[in-house]
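K.L.:
Grabbed the feature section from Swiss-Prot, which reads as follows:
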SIGNAL    1-23  signal peptide
DISULFID  C24-C122  disulfide bond
DISULFID  C52-C162  disulfide bond
Amino acid sequence: MALPFSLLMALVVLSCHSSCSLGCDLPHTHSLGNTRVLMLLGQMRRISPFSCLKDRNDFGFPQEVFDGNQFRKPQAISAVHETIQQIFHLFSTDGSSAAWDESLLDKLYTGLYQQLTELEACLSQEVGVEETPLMNEDSLLAVRRYFQRIALYLQEKKYSPCAWEIVRAEIMRCFSSSTNLQQS
């Protein structure tokens with residue numbers, strides 16, 4: 001079952017505005033890349049989330065990291081970069097390749113890699129401008145612990161289809177939040 005059109009359009013609108021206010025020179029295609037990653041994550045759904053209600057889990061999403069008011073641009077970019085890097089790593093595991101359509105997974109890797117490359121170029125521009133640390137150590141740890149909890153959950157659930165569906169939906173929410181941070 002596909003994502004409802006209204007939800008998909010909301011995700012597209014949110015991600016289209018994501019790179020407009022960053023303090024560096026991201027290519028105009030960056031926001032399209034965000035949209036593409038969200039759409040790919042939506043297309044990757046293989047089973048109904050309703051059949052997996054018993055597997056739901058609170059991964060402790062670090063919302064405070066993604067509240068844009070506390071960050072300057074370099075810290076926000078760094079938080080988004082770390083999040084995308086962790087998503088890339090999560091979907092690069094052995095258990096992931098068995099769970100998803102290989103073609104969609106390859107497209108997701110490509111999209112995430114492109115986002116990482118663009119953000120790294122942006123970070124290198126920002127490092128020369130500011131001397132403040134790129135990302136608060138507590139924020140970095142919060143993001144990494146969040147993804148560790150997700151990885152542990154998958155391991156405990158033996159990488160079941162329902163576990164991956166729960167994680168896919170969580171990653172869509174996480175990616176959308178990190179995208180929103182870019183526009184703050």
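Keep in mind that glycine also has a Cβ here, set from the backbone N, Cα and C atoms.
Quick one: where do these features end up spatially?
P.N.:
Under DSSP, C122 (disulfide bond) is assigned to a helix (H, G or I) in the three-state scheme.
The Cβ of C162 (disulfide bond) lies under 8 Å from the Cβ of I47, S51, C52, K54, D55, each of which sits 6+ residues away along the same chain.
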K.L.:
Among the disulfide-bonded residues C52, C122, which residue has its Cβ surrounded by the fewest other Cβ atoms within 10 Å?
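P.N.:
Taking C52, C122 as the disulfide-bonded residues, the minimal 10 Å Cβ count falls on C52.
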K.L.:
Give the helix, strand or coil assignment DSSP yields for C52 (disulfide bond).
P.N.:
helix
